[in-house]
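Below is one structure, written out as structure tokens; comments come after it.
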Amino acid sequence: MTDIGESESDISTDVSALPMLSHSVSYTSIQKPPFVVSVIGSGNWGTTVAKIIAENTRENPLLFEQKVRMWVYEEEFEGSNLSDIINTEHVNKKYLPGIKLPDNLVAVPDLLEAVQYSNILIFNIPHQHLEKILSQLRGNIDPRARAISCLKGLRVNLDGVELLPDIIQDALGIHCGVLAGANLAQEVAEQRFSETTVGYPLPADYKPGDVDHTVLYTLFHRPYFHVHVIEDIAGISCAGALKNIIAISVGFVEGLEWGDNAKAAMLRRGLLEMIKFGRKFFPGCLVSSFTEESAGVADLFTTCTGGRNFKLAKIMAQTGKSAHEVEKEILNGQSAQGLITAKEIHELIKNKGCEEEFPLFETTYQILFHGVRIGILPYMLENKWSISKPNYSS
């Protein structure tokens, strides 16, 4: 039996069977292969995805330019610039230590240099920095480029919900898809088997030879990292954001030692509310994206068995401390994304007058921010909770 980390020449894509792909390598009308790929972001997950891409571009030279540029936010580590360490030692010692990177992966500290001539842009940065990055890129990339967002989350305000790929698309005028799944970066970097989902509907201006599902499959698929390409960006994006609220509810149950049956109840109810939310605010999203894809139920399961949101809620239940207190103690100044998402979702559904349609989301918010007892969760599962009920915090 072949180890999944060893040679995969027997299963790599046969590029000779693919159409010759022409594309833009400058801002002129000249079209010629292969695709040039740049990764924007070099953190734990960003470096892992860049490693995968560099492995695949090296094996598919007719389809991709072999050199992959990865934008690195320059910082000093152990007396040297991080980009220099990556380029000389082929290891990201700060964010992905111990993992050897392909020598065709090049760290570039200048953002515009990193994306110059690129046809495929991979966004993999903390979403709070997205606007700043987009403002620097605007007007400086090929307008015919395509993009994939590896960011998980939504932009929520009182009026509605925006998908992060749509924000990228609107800012840069380029078509953007999404990649998400049950993908713990360290496990993927160590070449342990996992799956992921790519959401990418073909753009309205698609022509033969453009980036399509085959190209994206070839770019991301590895023997240890299996890829399924679908068209539902909204379903993948909703699942990636809402899972963190559900992980908090499961963490509450774990902290109170209610057992596996109770955790299963939270997962079941959370999955249903996740689907309902997606269908309500993005009617075109597919139920199958939540129930069949790695970006849906698989990522939900992984998030609800560990991670910072689960751990925060577990400690809250065990100690009686507030979310703010626990966050300060265990996250070293960082934020648990589930807290932010829970508040944003509450404000949205309250503004839309549909709190009672999402009792798990609403109750989790009330526990986090208004001192409601965690013990109300079983009552919530009977769908009797609403903000007009008596005060359950005493």
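Backbone N, Cα and C atoms are what each Cβ position is placed from, and that goes for glycine too.
Per Swiss-Prot, NAD(+) is bound by Gly41, Ser42, Gly43, Asn44, Trp45, Gly46, Lys152, Ala185, Gln337; the candidate from Arg58, Arg138, Arg308 named for the same site is Arg308. Counting other CB atoms no more than 10 Å from each candidate's CB, the recorded positions Lys152, Lys243, Arg308 peak at Lys243.
In the three-state DSSP reading, Lys152 (NAD(+) binding site) counts as coil. Around Gly43 (NAD(+) binding site), a 10 Å sphere centred on its CB holds 17 further CB atoms from the protein chains shown. The Cβ of Trp45 (NAD(+) binding site) lies under 8 Å from the Cβ of Asn124, Cys150, Asn183, Ala185, each on the same chain and at least six residues away in sequence. Using a 10 Å Cβ-Cβ cutoff, Asn309 (substrate binding site) registers 25 neighbours.
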